[in-house]
Structures are given as structure tokens and as C-alpha cells.
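Pulled from TrEMBL, these are the features on record:
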- 3-117: domain 'Response regulatory' (DOMAIN)
- ASP52: 4-aspartylphosphate (MOD_RES)
Amino acid sequence: MKTVCILEDEPAIREVLEFLLSSENYHVLPFSSINEFNNRDLTIVPDLFLLDVMLTDGFGTDVCNAIKNNVSTSHIPVMMMSAHAKLFEMEKVCIPDEFISKPFDLNDIVTKVGRLINTD
């Protein structure tokens, strides 16, 4: 079973994503803050990071850069999501493997997640 780490501070969005991806047979690890994310069990290596851009305790772009600059996680795809940022703006501060605008289509999320972690 593939594992997806979700970093989203809005409870309703986090819960929808968790339910959606769990129903698609992904193991989901939800986090509501960067602090909580940074204190996660590092022995569990996810297949994808799904990060919100604007969080209550910082920016998902900083988390994206930390993931991409760490040799143990740099190979793991990162998908960023935001209601405000656009991909061309995002690429100035971090380079995610995928970007999705909020509000998003649930089928689009499933398709992009599947494509990023190569599920057939």
C-alpha cells in the first residue's frame, strides 16, 4: 500500500483528502502543522508529500525545499496545493513535482496522486 503524507492546516480539507485517498487504498498520514510534520515518525517513508502552501506556522514551500534538499527524501514526489499561488509563482520559491489549485476537483487529485507515485 502506497503512503501519502498530507500537510494541510484546514481540518475540513485535510479530512476530505484523507477520506478520498484512503478510499483509493492509500495509507494516509495527515498533519495539521509544520511542527507536527517535522516531528513525524521518520522510519515511515512516504511515496508522496501533499503540501498546502500557506500554513498557520509557516509555508509549505519551505517544507518542499527541505524535502527536495534532503538526500533521504529528494526522490519522493511533492505536490503543492493552494487557493492563492499559481505554479509559475511557486517555481520561484520551490519546484514541486505537481501543483493543484484550490478548490480542486476530487478526480483530479486522485489522477495526479496516482500519476506521481506510479500506481497502475
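Including glycine, each Cβ sits where the backbone N, Cα and C put it.
Worth saying up front: this structure is predicted, and the values here are computed from it rather than measured.
In the three-state DSSP classification, ASP52 (4-aspartylphosphate) falls within a strand.
Looking at the domain 'Response regulatory' (3-117) alone, the prediction's average pLDDT is 92. When Cβ atoms from all protein chains are considered, those within 10 Å of ASP52 (4-aspartylphosphate) total 23, not counting its own.
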